[in-house]
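Here you go, one structure.
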Amino acid sequence: MAETPYPPSRPDDDPGQSHSVQPAATTPETSRPTSTNPPAQTCPQTLPLDTNTPITTIYLTFSTPLPKANNTSSSSPQCCPPQAPPPEECPDLSKYTNPTTWPPRKKYTLLLLSCIATFLTAYTAGSYSPPQHLLLRTLSGASSTTDILTGITSFCLGFGLAPMFLAPFSEMNGRYPVFVISGFVYVLFEAVCGVVDSLAGMVIARMMVGIGASVFSTMVGGVISDIWDKEERNTPMALFAGSVIMGTGAGPLVGAYMAFRWDEPSAEDDSAGGLGAKWRWVFWHQVIMGAVLMFFLVIWFKESRGSVLLSRKARKLNEWYARLEEAGFYGVWVVEEGAELKRVRWIVKEDEERSSIGKMIAISVTRPFGMLFTEPVVFFFSLYVAFAWGILYLTFGCIPLVFHRQYGWDLEKGGRVFLALIVGAILSTILSIWQERILYHPQWRAVVPGEEGPTDDEEKGEQSDAVVQTGTSEDDDEEKRTPPLSSASSTTSSASSMIEATSSTSKFWPFMRRRFPAQAPEARLYFTCLTSTLLPIGMFLFGFTARPHVHWIVPCIGITLAAMGILSVYLAVFNYLADTYHKYASSALAAQSFCRNALGGVFPLITASMVHNLGEAKAIGMLGGIATALTVVPWVLVFFGETIRARSPFASELSKRG
């Protein structure tokens, strides 16, 4: 069914009327109410309704059965035949269905668009570094390549801060308008980068590009959480994370080719004031790709935030009821103990509980920093993923420099090494999907009589449902109870019999269920304890084998392994914080996003100095040592995560509520 987003609004109740809020019944959603009365034998003799009849307000959910509208004039007895047909039938409500029940084709269309957008924004971040020497010759006010690289820093600054201000607007108005408006900002200022001729102008333009691009990274996790249940979410999240690393590798790969081939502008280019220089196509080809993406986003991207869809559905119904009443048809047939005619208006609980936009922005900006310095889990995971992201951004300058110093490669040939990042992203994405399937192995997740199961706190962790940078409330989660297609938690009786039979002869699965329960939030970290070691291993391999007498493929393998480790850390941080902090997850993830982009913006500025002053082995080896120390973070949480969560004011509050 086609989905067309409409601007959200609060239900339009008649002013001056008395109201009473009633919870809605929770039965399977009906498609469209009809304008017919209930059967005559059940029709009560009630007084006719009019404008003086009080209005009853009812909370609307996706599972609320919609009552039948009255088709009898308010001036007539309720059981008499209608004097005239109602003015119109119920409007089409198929546009406002629960996103978790959308058909797979529709879900994967949104995922494809989101991943392409994420790829392009990561591509933009990486493609800026290769033409730094050309920018130095062109931009006034720049005296060194370090000055030029502040464009990466300003990009990361906008990328890290913007979602804190944009998240409340996404919560109130939905994903679609935030995506579209931010996308146009991204394309517009990417075009500005292609014509600007001063360093100050480039730095400002790059910040605006980062602001526009930020939603295509931070809020894509929210879209994934909107349309997939927790048990189904790992594969889409792995594809999303993989697109980030692949874009980060593809940007400098293509940018290095363009910068090397168009290094020397022609005399005609110079006579055009530099605006016709071929190297400016480093920016202009991204403008073209961004414009094509925006065309498809405007047409194919659909609103996915459940509370916003419910608000639009409530508004549509209330407007229809108002038009019926204007024509003299009052009330709907509410079935409780019997059929009763009432004047009804629908409201959405999230709209009632939502604060003002100013307060929401204040919370969105301040709470992440509060959690960063009061929650050990948030602090150390933010530190870990920030360092990993810094290493990723360090490769922009480190890879061409190291391969030039050790192998004498030019910029174009050195840029080809970024293919190793892309290969690492592909391999790690496949590995992440496979790991999740192992985690949902029926023998691991089963509850076998006589075995000690997961604690209550771990069971509550299984119910978590959070959104990156969007502040999804717990009430949204109540609308997402449809059974997941790939969930292994609903084990059949035959599988249970097999488990009981094998448990008597095998001690492995009972041990795993007892010591490493698959339902605990820490289950997201079991495999990360191993795969995160690929980051320091890859860095040591890259730093110590980049030598003229060692084949170039060896350090390239190190880069591939490091990319796999970075992706595994990024994916684990998102999943674990979402599972642990539930409705506060957006703030926890905002904290790590800010730290991640802060270090990502700083590392490119110090790359050349580190390599020149310390040498490849010492510089990269030192960073590998820090990465080795940080690999202890997932291990500590696996063994002591429950204790740490019990001492967390945010996690313990959610545990008590659960």
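Even glycines carry a Cβ here, placed using N, Cα and C.
Dumping what TrEMBL says about this protein:
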- 17-51: compositional bias 'Polar residues' (COMPBIAS)
- 79-88: compositional bias 'Pro residues' (COMPBIAS)
- 486-499: compositional bias 'Low complexity' (COMPBIAS)
- 110-642: domain 'Major facilitator superfamily (MFS) profile' (DOMAIN)
- 1-51: region 'Disordered' (REGION)
- 68-96: region 'Disordered' (REGION)
- 450-499: region 'Disordered' (REGION)
- 108-128: transmembrane segment (TRANSMEM)
- 148-169: transmembrane segment (TRANSMEM)
- 176-197: transmembrane segment (TRANSMEM)
- 203-225: transmembrane segment (TRANSMEM)
- 237-262: transmembrane segment (TRANSMEM)
- 282-301: transmembrane segment (TRANSMEM)
- 377-403: transmembrane segment (TRANSMEM)
- 415-434: transmembrane segment (TRANSMEM)
- 523-546: transmembrane segment (TRANSMEM)
- 552-573: transmembrane segment (TRANSMEM)
- 594-614: transmembrane segment (TRANSMEM)
- 620-640: transmembrane segment (TRANSMEM)
If you average per-residue pLDDT over the domain 'Major facilitator superfamily (MFS) profile' (110-642), what number do you get?
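Here the mean pLDDT over the domain 'Major facilitator superfamily (MFS) profile' (110-642) amounts to 83.
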Applying the under-8 angstroms CB criterion, which one of 282-301, 377-403, 552-573 scores highest with the transmembrane segment (594-614)?
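Comparing 282-301, 377-403, 552-573 against the transmembrane segment (594-614), the winner is 377-403.
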Counting Cβ pairs under 8 Å to the transmembrane segment (552-573), which of 108-128, 377-403, 415-434, 523-546 comes out on top?
523-546
Tell me if the transmembrane segment (108-128) touches the transmembrane segment (523-546). I count contact as 3 or more CB pairs below 8 A, with pairs 6 or more residues apart.
no
Against the transmembrane segment (377-403), which of these stretches has the most C-beta pairs under 8 Å: 203-225, 282-301, 415-434?
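Of the candidates 203-225, 282-301, 415-434, 415-434 scores highest.
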So which residues does the transmembrane segment (203-225) touch in its own chain, when a touch means Cβ under 8 Å and the partner is 6 or more beyond its ends?
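Apart from its flanks, the transmembrane segment (203-225) reaches 110-111, 114-115, 117-118, 120-122, 124-125, 128, 150-152, 154-163, 166-167, 170, 175, 178-179, 182-190, 192-193, 196, 233, 236-237, 240, 244, 304-305, 465-470, 472, 574, 578, 589-590, 593.
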Cβ under 8 Å to the transmembrane segment (237-262), counting only same-chain residues 6 or more beyond its ends: which ones?
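Answer is 111, 114-116, 118-131, 133-134, 217, 220-221, 224, 277-279, 281-282, 285, 392, 395-396, 399-400, 410-412, 414-416, 418-422, 424-426, 428-429, 432-433, 436, 563, 566-567, 570-571, 574-575.
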